[in-house]
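Notes for the one structure printed next.
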Amino acid sequence: MVVQHNQPGSTDQSVIRNFCIIAHIDHGKSTVADRILQLSGIVPEREMRDRFLDRMDIEQERGITIKSQAVRVPWTFEGTEYTLGMIDTPGHVDFTYEVSRALAACEGAVLLVDATQGIEAQTLSNLYMAIDHDLAIIPVLNKIDLPSAEPDKHAEEIAGLIGCEPSDVLRVSGKTGEGVADLLDQIVMDVPAPHGDPDAPARALIFDSVYDSYRGIVTYIRMEDGELHDREKVHMMGIGMTHDPIEIGVISPDMTRTKALGAGEVGYIITGAKDVSQSKVGDTLTSAVRPATEPLPGYRDPKPMVYAGLFPIDNAQFPELRDALDKLKLNDAALIYTPETSVALGFGFRCGFLGLLHMEIVNERLSREFGLDLIQTAPNVTYDVTAEDGSQHHVTNPSEFPDGKIKKIVEPMVAADIITPKEFIGAVMDLCQDHRGIMGTMEYISTDRVEMHYRIPLAEIVFDFFDQLKSRTKGYASLDYHEDGEQSADLVKVDILIQGEKVDAFSAIVHRDKAYSYGVMMTKKLRSLIPRQQFEIPIQAAIGSRIIARENIRALRKDVLAKCYGGDITRKRKLLEKQKAGKKRMKMLGHVEVPQEAFIAALSTGEDSNDRDTKDKIRAAQKTEG
């Protein structure tokens, strides 16, 4: 094991190199990071495991990185020991905000490209972000050990993109470790050292934070100027709070306590604060004894793209859901939430997410880490609605949609960049046209791959657009998108009525052309999920007061003639009339309870394949209650 000589707090800036690894999802960032940890010797061989820096169970199971991880790595080059600050970043489009925060803590970026796949949409997106942050770019082809790798072809693609020679593109294998030592040498040569002022008052940028059940908030910082000591009071310049640090240290690869952190170093600080409002990502940390006067430029707050309601199945868990979201917010700065009430689902929160994967991950973490059983409403985007009387409404939830005549509805748009093999151009064009996309430009990035630019309503992308894109291109296409203003659209609110009563959880804002198909789909789904009652239940879809689709759940019928053996027909008729009158009265007074399982199944965006299983569960639950 290599002994690390550069001690935190006393490391000269000239030997520090802070860099991050950026790439499209599944191009091998975490595997290359594993080899770097192995080569540097900071992780003993017996403790090494795949995806070492992916600490969450979800990350290990799904094979994706969700949280950026910062690690201090020693590396000797030409007899001098250097200190590398490495940040492994996520690759999925939903976690672009994580990547942008990591870039602000670095001077260089390793742009990793899969030698079997070539440049993909998120490769370009991350590259442009790194260029915006003025970082030194080191292009690298990974997975060169695979038989299907085409390093020469893809090296030319990369060279054409960033303006270097194909021979400048490094070739590595995260699996075998080939070329990784050369990559570390290249990082030392190409990435500039930090240029903070070690003698100035301490200034550190908070670029992340996590919640520890025992020690409270763990704040990750990048020191820009000066020095912070473990016995020195610290001051948060943005929120104006002062703390006594319990511990200061670096991550190498586990938390390692140190006496101090100096300019250019990346580390952590624990103040013992348990209140989530006491640590804000993007804030500047300084010494309370010798404070800085000017804070560092922070981050632009992320803007949620998708909204959905989260409701506890057991309403008594509402306070626990609030605490869980507060703690998760520390670890996930892009999550926003406000309390909301639903007639059907009770108390819950309206949550804003960066995309569907982000929404899925938050839901899963709430379930695993905090033991909560939740119902999630269908995802939707925000709309700006102008009513006939001129009143303005910002709608994040279909229940906020104003009644009466609507003058104008404005919906958010995205600029979508799709990279696909040329044989699928027609299929991609059809898909985008079906989703109200407007084509921009199209350019060939190599002889057989095309980058297509579309302007598409965000609402069309947040449901199943990506799945359909993968399906129509046999998995070869990749998608990246970002905000691109707004435009007016012909949208309507579709309400679902059960027994004549609106169920707010099933309401949706859809394009007028798709309103009928949504109404038919939901009424059919609910007909198969809601148990039969003693009276007939109508399920209707409506736009305002106009019914556009209807399904009926037929009544259960008791055989009232079973005890009549022959005899007078008038006796039988009397019993049937009595039953008919009873059912009529029951229909007027009867209240339909929609089971929780039916809500969960109806609000899932998948097909109806599991409806029969859900129905069986509902019946079993009812028998148990009976």
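Quick reminder: no glycine exception, Cβ is built from N, Cα and C everywhere.
Across the residues of the domain 'tr-type G' (14-195), the predicted structure has a mean pLDDT of 81. Annotated domain 'tr-type G' per Swiss-Prot: 14-195, in sequence order.
Within 10 Å of the C-beta atom of ILE144 (GTP binding site) sit 22 other C-beta atoms, taking all shown protein chains into account. According to Swiss-Prot, the feature GTP binding site maps to ASP26, HIS27, GLY28, LYS29, SER30, THR31, ASN142, LYS143, ILE144, ASP145, an assignment based on sequence analysis.
The region 'Disordered' annotation in Swiss-Prot covers 603-626.
Here Swiss-Prot flags 609-626 as compositional bias 'Basic and acidic residues'.
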Of all the binding-site residues given, SER30, ASN142, which has the fewest Cβ neighbours within 10 Å once its own Cβ is left out?
SER30
SER30 (GTP binding site) - helix vs strand vs coil (DSSP):
helix
Highest Cβ count within 10 Å among the binding-site residues ASP26, GLY28: which residue is it?
GLY28
Using the residues the record lists for GTP (ASP26, HIS27, GLY28, LYS29, SER30, THR31, ASN142, LYS143, ILE144, ASP145), what whole-number Å value is the largest Cα to Cα distance?
17
